[in-house]
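For reference, the structure discussed in these notes is given below.
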Amino acid sequence: MHINGPSGPQAYVNDSLGDGSVFPMGHGYPAEYQHMVHAHWRGFREAPIYYHAGFYIAFIVLMLSSIFGNGLVIWIFSTSKSLRTPSNLLILNLAIFDLFMCTNMPHYLINATVGYIVGGDLGCDIYALNGGISGMGASITNAFIAFDRYKTISNPIDGRLSYGQIVLLILFTWLWATPFSVLPLFQIWGRYQPEGFLTTCSFDYLTNTDENRLFVRTIFVWSYVIPMTMILVSYYKLFTHVRVHEKMLAEQAKKMNVKSLSANANADNMSVELRIAKAALIIYMLFILAWTPYSVVALIGCFGEQQLITPFVSMLPCLACKSVSCLDPWVYATSHPKYRLELERRLPWLGIREKHATSGTSGGQESVASVSGDTLALSVQN
């Protein structure tokens, strides 16, 4: 909670200590690090110990989950010949970005233990730089995955991107993540500072200057609006294409007086259109879950009522991004048929059981007459 007295923000009594002491946020920072604490945070009492404990436990779980899930993706996709396809390089790149984000978690755990950013300005810059590169890189990689799926499924013969094209897209994802990560690092435009419980760092969205407002607007469009628009457009066009394709097949089957032209049609299978919609919705919602909280907090902090941005509220976006980086490998890769087959073969103790490829699919390619429901559900069987 945030209050203002006659002379400005005042600290709350830290009830968690039970001794009536008054401790504002940042009081535990060493004297040489006090300049890092934005005046906004000093208007709040120190967070209760159980808040820190809750986030501490959550970050440990997320860190272990991210290392395991993304580590499996990188290991399987990089060592399996059947998975070394152009499209799968994008999934591998996403796992690398997600694992890169995980490198911040040990730093956070140390910060939460001592109560301040270990390493001072340099430690804060490194933490925020890692988060910026991995976050913006993952967002644009998600957009390129959506674009690749649209190209592949809408035109399975000539629409597949080549190795060279995919490598260029991957290089572009790292270039895309660089400008708005490096500019605040050198304080050319924007800057990094502690946020929330003052144990994490991000770009400054609290300083009310015209220059900083322009920075927040620009990074919002760059890291959120553009990738989200690309994802939405790609999956909308993909969904539209599949719907038209299924309608055409249904009309042709009616003319030929047969039930269906799809090679894999049966009463137990979910319709292709529904599976496409479900997969697209999951992917799109994950992106929104990851970046909408940060966008909302940053926009409110820069243009709205800053008193709404409490330490607890500003910690939620950080938790959301870390959570999605752990979910990505399961959404993007665990539903990949050939990936599941590799897991079943190499790690049978995971209990994964995947239907083996049938003769109806040659080399993992979709037939011209039909599109595999599993392929459309999440990933082309490359």
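Glycine residues also receive a Cβ, built from the backbone N, Cα and C atoms like all the rest.
Quick look at what Swiss-Prot lists:
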- 358-382: compositional bias 'Polar residues' (COMPBIAS)
- Cys124-Cys201: disulfide bond (DISULFID)
- Asn14: N-linked glycosylation site (CARBOHYD)
- Lys322: N6-(retinylidene)lysine (MOD_RES)
- 357-382: region 'Disordered' (REGION)
- 1-49: topological domain 'Extracellular' (TOPO_DOM)
- 77-88: topological domain 'Cytoplasmic' (TOPO_DOM)
- 113-127: topological domain 'Extracellular' (TOPO_DOM)
- 148-165: topological domain 'Cytoplasmic' (TOPO_DOM)
- 191-214: topological domain 'Extracellular' (TOPO_DOM)
- 243-278: topological domain 'Cytoplasmic' (TOPO_DOM)
- 303-310: topological domain 'Extracellular' (TOPO_DOM)
- 336-382: topological domain 'Cytoplasmic' (TOPO_DOM)
- 50-76: transmembrane segment (TRANSMEM)
- 89-112: transmembrane segment (TRANSMEM)
- 128-147: transmembrane segment (TRANSMEM)
- 166-190: transmembrane segment (TRANSMEM)
- 215-242: transmembrane segment (TRANSMEM)
- 279-302: transmembrane segment (TRANSMEM)
- 311-335: transmembrane segment (TRANSMEM)
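Across 50-76, 89-112, 166-190, 215-242, 311-335, the stretch most heavily in contact with the transmembrane segment (279-302), judged by Cβ pairs under 8 Å, is 311-335. With helix defined as DSSP H, G or I and strand as E or B, the topological domain 'Cytoplasmic' (148-165) counts 10 helix, 0 strand, 8 coil. Note on the topological domain 'Extracellular' (303-310): DSSP counts are 4 helix, 0 strand, 4 coil. Under a cutoff of 8 A between CB atoms, and with a sequence separation of 6+ in the same chain, the neighbours of Cys201 (disulfide bond) are Ile117, Cys124, Asp125, Tyr127, Ala128, Gly131, Tyr192, Gln193, Pro194, Glu195. Using a 10 Å radius centred on the Cβ of Cys124 (disulfide bond) and all shown protein chains, the other Cβ atoms total 26. The Cβ of the residue listed as 'N6-(retinylidene)lysine' lies under 8 Å from the Cβ of Phe59, Leu62, Ser66, Met101, Cys102, Met105, each of these being in the same chain and 6 or more residues away along the sequence.
If one looks beyond the transmembrane segment (89-112) by at least 6 residues along the same chain, the residues whose Cβ comes under 8 Å of a Cβ in the stretch are 52, 55-56, 59-60, 62-63, 66-67, 70-71, 73-74, 77-78, 118, 123, 126-127, 130-131, 133-135, 137-138, 141-142, 144-145, 148, 163, 166-167, 169-170, 173, 197, 199-200, 321-322, 325-326, 328-329, 332-333, 336, 379. Mapped onto DSSP classes, the topological domain 'Extracellular' (113-127) shows 10 helix, 0 strand, 5 coil. Secondary structure from DSSP puts Cys201 (disulfide bond) in a beta strand. Panel annotation: around the topological domain 'Extracellular' (191-214), residues 25-26, 29, 36-38, 40-41, 47, 51-52, 55, 104, 108, 111-112, 115-117, 124-125, 127-129, 131-132, 180, 184-185, 294, 297-299, 301-303, 306, 309, 311-312, 314-315, 318 of the same chain, lying at least six beyond its termini, place a Cβ under 8 Å from a Cβ of the stretch.
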